[in-house]
Amino acid sequence: DRWLTCKSLPPGALERIADTVADRVRVPWFAGAVKINISLVPPLILLPVFLHIAALHFLLGLVILTSLPVVVLWYYYLTHRRKERTLFFLSLGLFSLGYMYYVFLQEVVPRGHVRYSQVVTLTCGLVLMLVALSRAKKDPGYLPIPASNKKLSQQGLPNNSVRGSSNGLHGVTTLGAASGRAANGEAKGYFRMSAEEPEGVKKDWCAKCQLVRPARAGHCRLCGRCVRRLGPHCVWINSCVGEQNHQAFILALSSFMLTSVYGITLTLHTVCRGRTPFVALFYCPGAYSDYSSALSFTCVWYCAIVTAGMGYILLIQLLNISYNVTEREARLALRDNTGRRLLGGLVIDTGQYNRGFLCNWGHFLSLGSSPPQHSAEDIV
């Protein structure tokens with residue numbers, strides 16, 4: 001009624017409508033209707049539609065391929081500001097891989113310029129990336145919740161609240177004495193303990209998880225758990241990057257980069273014969289001679305944009321490993337003005353854990369090899 005009479009909607013009305021629509025989107029199944037996460041739907045529908053429209057004309061392709069990154073970045077900042085977890089980016093990444101591989105097999109391989117061994121190599125790279133991605137989505141190094149907190153949460157005390165994550169792990173938030181400690185000057189939910197580790201680094205008390213965190217551990221506000229050697233919460237894997245999955249995360253990024261560049265090269269050699277891949281990417285006169293070539297060339301540009309973004313993420317990760325710093329530590333160092341910018345601001349050297357290039361990489365390659373240390377709360 002308000003829409004028909006051009007009246008303004010009350011605050012929060014659009015959010016409630018969106019939540020209702022998301023709750024009603026279900027697929028009939030034998031055991032009952034299955035609820036569908038609405039964030040999975042847009043990539044499955046919009047990506048093929050946009051790419052096919054972009055293949056109709058050069059100007060349409062320019063507009064669409066320019067606007068897609070802007071829309072993705074806008075949605076990222078929207079969900080990041082609201083501290084929401086979403087499967088949109090993971091769905092977009094996986095469906096993009098599948099659809100690009102489908103276009104390659106349907107439009108590029110039948111032209112006869114791609115050998116069977118090259119298809120096998122590209123397929124193996126794709127499988128390796130998916131295996132590494134599956135490993136990266138597993139436990140990033142969650143700190144175990146103390147048994148006392150599990151008992152309190154199971155008793156259903158009125159002062160506790162549980163925040164769940166997508167993989168079924170739960171973090172206990174404000175409980176009894178923790179809320180008292182947080183009220184005494186700790187707005188961020190933890191305070192510094194006097195206990196020190198051998199390296200002279202103070203431990204942290206997390207009032208949300210009710211445990212003493214070892215050095216370099218941190219609390220992820222999206223997962224609701226404390227993670228060893230916490231890095232970023234990567235939206236592309238919908239999980240944190242921590243001590244246990246950092247190596248798999250780097251392997252997934254590296255294999256994606258190699259596979260994507262290889263697939264782009266094969267496609268450009270097929271669509272733009274007689275030109276080097278770099279030149280063909282910007283100058284390919286026969287790209288729009290037929291719809292099949294136009295679609296392949298459009299997908300190449302889409303892959304190039306995604307590869308450039310993932311390449312930047314991989315570059316930052318490699319630089320952080322070389323200086324033995326995580327993104328969380330770099331952010332805290334900038335906030336406290338204790339770090340120094342290097343390489344034009346691409347990396348922040350805190351100087352706290354930097355032991356030289358070779359030692360830093362040796363430390364990274366040994367992540368997860370030693371058994372996790374139990375916190376003081378668990379020992380008590």
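Positions of Cβ are set from backbone N, Cα and C atoms, glycine also.
According to TrEMBL, the protein carries these features:
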TRANSMEM  49-75  transmembrane segment
TRANSMEM  87-104  transmembrane segment
TRANSMEM  116-133  transmembrane segment
DOMAIN    202-330  domain 'Palmitoyltransferase DHHC'
TRANSMEM  248-271  transmembrane segment
TRANSMEM  291-315  transmembrane segment
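For the domain 'Palmitoyltransferase DHHC' (202-330), the predicted model reports an average pLDDT of 91. Non-local neighbours of the transmembrane segment (49-75) in the same chain are 88-89, 92, 99, 288, 291, 294-295, 297-299, 301-302, 305, 309; each lies 6+ residues outside the stretch with a CB under 8 Å from one of its CB atoms.
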